[in-house]
């Protein structure tokens, strides 16, 4: 299991200047994008992989690992990112899907992949395809953490259900989830996914980030919540501290002070496009 990012924050950035802010704030990695999820959602239309030139500029600006997104099922975009030396590929529902049925066969790549999931079945199917990290889908670009909470609770609930099964019941569960038996057996024996399980989608405050850690996330992705806020530098540092000290309300309270205005956000009831429904 690749645990190098565990206990850390991965931040969306659109420029090398933002990447430097993220690195200085203590981010364990950055996600290079042309537009953060809030702007992708606002613009509508078809969203695709970012310009490789932009990604390479961000890669050259920081020493921490750089990730980038590809459309679901678009293995050529993934090949491009691998060719330029990206550290991690996110097969992401935030971009417009290229294939409504198939995901990328991640086992064909030497570069590791992270994928989104709303439940245990989605998580294990992505892992069976070769994903090395799972994140909750949440609802990116909203600043509303409710879906990330829902997805994390669902995954943890289903993990606990599998833990309670008898050995002979695991085969039925594997069939129901449409995943290999050995993955279900791992969850049963270890009480967790066989890869890191991060949270993403709607995290906007230090308290949000700490909440996701308390619910069982190994780490946190933060997208629009930092660079759509009033004081990105201070908020980025505060979220990193909250993730490190997620069990300490006093520290979280201190770092939450005077952060400037948080991103305005979109209530889940106002959302027209549900990105989390892409790619099951």
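Just so you know, glycine gets a Cβ as well, placed from its N, Cα and C.
Computed from a predicted structure; not experimentally measured.
Taken from Swiss-Prot as is:
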type: BINDING; residues: 12, 141, 202, 223, 224; note: D-ribose 5-phosphate binding site
type: ACT_SITE; residues: 69; note: active site, schiff-base intermediate with D-ribose 5-phosphate
type: BINDING; residues: 153; note: D-glyceraldehyde 3-phosphate binding site
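When other Cβ atoms within 10 Å of the Cβ of residue 223 (D-ribose 5-phosphate binding site) are tallied across all protein chains shown, the result is 29. Here the Cβ of residue 224 (D-ribose 5-phosphate binding site) has 24 other Cβ atoms within 10 Å, regardless of which shown protein chain they belong to.
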